[in-house]
Amino acid sequence: MASEQDVRARLQRAGQEHLLRFWAELAPEPRAALLAELALLEPEALREHCRRAAEACARPHGPPPDLAARLRPLPPERVGRASRSDPETRRRWEEEGFRQISLNKVAVLLLAGGQGTRLGVTYPKGMYRVGLPSRKTLYQLQAERIRRVEQLAGERHGTRCTVPWYVMTSEFTLGPTAEFFREHNFFHLDPANVVMFEQRLLPAVTFDGKVILERKDKVAMAPDGNGGLYCALEDHKILEDMERRGVEFVHVYCVDNILVRLADPVFIGFCVLQGADCGAKVVEKAYPEEPVGVVCQVDGVPQVVEYSEISPETAQLRASDGSLLYNAGNICNHFFTRGFLKAVTREFEPLLKPHVAVKKVPYVDEEGNLVKPLKPNGIKMEKFVFDVFRFAKNFAALEVLREEEFSPLKNAEPADRDSPRTARQALLTQHYRWALRAGARFLDAHGAWLPELPSLPPNGDPPAICEISPLVSYSGEGLEVYLQGREFQSPLILDEDQAREPQLQES
């Protein structure tokens, strides 16, 4: 272990010697922990990190003055539309995706480094239950979708296949996530095919470039954003693991989307047939000012432009068909070839510019008292996973329906948007639509038919509660055998073992 003198000298070179100001008050064990933490901070890199954070925070916020002139929509030939393509085109995409899955060439990679702080919980988001009748967590829903897509691909091609699940965690989520998976027997996935790894942490910094102490013996650290993926892939030799398994295509997604289709064969097949090295799923923006990043081109290269960087005038622009010109909303759902990820980790990652997140960071004051600030007092520097789009040689985007594939969980109740209630509604409404399409009818408590409402307003409750296990249906397929021509009272819960139908009433 580095000595106090060594660490103090390193901190002086970085201009951060204040981190040892409580040294004399610490007992041996906290001293050792603090030294171990500080020894990991390389002086030159730390000085540069603090300088860049302070400079970035001091820069004027808002859109670059010339951005509107540099902005263009994605070329039409690089954009597919899952819902508006002809059935034969969609079938070809799906069949190619299933073929690649059956050859064990597809992996999924979950971005799960964040805690559920905005949800009002201290554990990882993936462990959250939104109130489904089955009481399933996000992690369980995702694991079961992997199992189902493996099954579907295997049945189509007469083989057994595996979709490895890579889970990027942070110091805050690795332990609870690993324990949760063990407690639930990895949701019946082979543990050898679930690979967890940690992203890096970066110190939080004051507005004048000083690292924050959250305790007398601990630096305030935060994950380096979902764009920390690329350093983490290199740190933990994840691409080498993928190569050993024969993985060529990687589906990267964020933990909080309850409707996410893992290893979606339509998306995989679309990107493979396009020859894409990098791709993104997008949804049509709900309205011009919707706070979502836009996938577009800047100076001729693909990029996600944050909503705060687009002027109201640009956001309102319309295409010739009346749709928004910049309407490709980013949903953190991406496709990469392993070769592209290798190039990013080896060549392009140092070119990624960190983004400033101004936060309320707890700290100890000069007297050593813990302070929980009421307004933002610090800077956390983050990289974004989509910042690598500009390095793609062949970028493609697939537009999907929001009501089928995107309902994020970000806010605690009683928020109007992106809450447990809206996520639960999105999934149950989707399953209700699937049941109607499969020929089910629903009855009220008196045995009368409920109205069939295949199209519901946003955040509206379906007339009947219907939950379908991902192990029964991945995207609405194969339900006729259970539901065709039958009548059910709410709630209908269709699990993998049988059609479990509480208060079932046959016609």
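Positions of Cβ are set from backbone N, Cα and C atoms, glycine also.
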> Swiss-Prot has Leu111, Ala112, Gly113, Gly114, Lys125, Gln199, Asp256, Lys380 binding UTP. Which one of Gly175, Gly225, Gly279 is in the same site?
Replying inline: Gly225
> Can you name the far-off residues of the same chain, 6+ from the ends of the compositional bias 'Basic and acidic residues' (78-91), with a Cβ under 8 Å from a Cβ of it?
Replying inline: 266-267, 270, 274, 328, 395-401, 404
> Taking DSSP states H, G and I as helix and E and B as strand, how many residues of the motif 'Substrate binding' (111-114) are helix, strand and coil?
Replying inline: 0 helix, 1 strand, 3 coil
> Which residue counts does DSSP give the compositional bias 'Basic and acidic residues' (78-91) for helix, strand and coil?
Replying inline: 6 helix, 3 strand, 5 coil
> Other than its own, how many Cβ atoms are within 10 Å of the Cβ belonging to Lys410 (substrate binding site)?
Replying inline: 16
>> With every protein chain in view, what's the tally of Cβ atoms within 10 Å of the Cβ of Asn226 (substrate binding site), excluding that atom itself?
In response: 22
